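Let me begin by presenting the structure, written as structure tokens, before commenting on it.
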Amino acid sequence: MPRNEERKALWLAIDNVNNREGPVVDTLFERQMAMYTTYHRDSRNKATHAVGIPVIVFSVVLACSLVRLGEVAGLGTVTLGLALSAVVWALWIVLNRPVGLALGLLVVPSVLLSAWLVERLSVGAVQGLAGGLFVGGWVLQLLGHVYEGRKPALVDNLFQAIIGPMFVATEALVTLGWAPAGLHERIERQAALRS
């Protein structure tokens with residue numbers, strides 16, 4: 001079996017375990033992704049989101065990393081950034097295991113870099129950096145929606161703020177040929193019904 005086929009088989013197996021009913025099930029994740037997809041058809045909009053969303057996620061983790069919640073033996077300082085990241089990452093994994101796990105490539109570096117920056121920069125510098133990144137990420141997203149000619153999805157459904165990073169991760173997995181088998185097709189089929 002070619003390497004790409006092995007990856008697809010692995011993702012299908014993980015997806016089947018995740019869904020428990022097989023790869024054709026209509027999940028909350030797929031319904032939310034279909035809605036998000038209808039707001040993000042233009043390639044320029046997708047490109048601005050591929051940059052803007054990770055920047056926004058990092059900026060939120062960075063800002064929240066200024067709030068120390070306490071110490072945990074063996075782990076060290078627990079910040080709001082770490083706690084929030086853990087909760088949201090767990091939610092992403094529950095919504096779709098393969099895509100959620102892939103988002104670890106965003107979450108883990110964001111938490112580690114945030115902790116490193118908070119230890120080395122002043123509070124004001126961290127706040128300024130986080131604020132600048134947050135605004136910059138949103139400017140990119142709004143520019144994308146100008147190209148799209150459509151308002152952001154979260155205007156109609158606040159849950160779309162959670163789905164945005166999953167959209168970027170799914171698009172990346174599809175581009176790399178690593179998406180769970182049939183996932184992209186099911187989302188596109190549902191999105192076509194909403195358009």
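Backbone N, Cα and C atoms are what each Cβ position is placed from, and that goes for glycine too.
These figures come from a predicted structure and were not determined experimentally.
The following features are taken from TrEMBL:
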TRANSMEM  50-69  transmembrane segment
TRANSMEM  75-94  transmembrane segment
TRANSMEM  101-118  transmembrane segment
TRANSMEM  124-146  transmembrane segment
TRANSMEM  158-179  transmembrane segment
Inset, instruction - Using a Cβ cut-off of under 8 Å, list the residues of the same chain at least 6 residues beyond the transmembrane segment (158-179) that approach it. - result: 4, 7-8, 11, 29, 32-33, 35-37, 39-40, 46, 49-50, 53-54, 57, 88, 91-92, 95-96, 98-100, 102-103, 106, 152, 187
Legend entry - For the transmembrane segment (124-146), distant same-chain residues with Cβ under 8 A (at least six beyond the ends): 39-40, 42, 44-49, 51-56, 58-60, 62-63, 65-66, 117-118, 152
Inset, instruction - Report, as numbers and ranges, every residue of the chain located at least six residues beyond the transmembrane segment (50-69) whose Cβ falls under 8 Å of a Cβ in that stretch; write 'none' if there are none. - result: 77-85, 106-107, 110-111, 113-115, 117-118, 123, 126-127, 129-131, 133-134, 136-141, 144, 164-165, 167-168, 171-172
Inset, instruction - State the residues, same chain only, that lie 6 or more residues beyond the ends of the transmembrane segment (75-94) and have a CB under 8 A from a CB inside it; answer 'none' if no residue qualifies. - result: 60-69, 100-101, 103-104, 107, 110-111, 114-115, 118, 162, 165-166
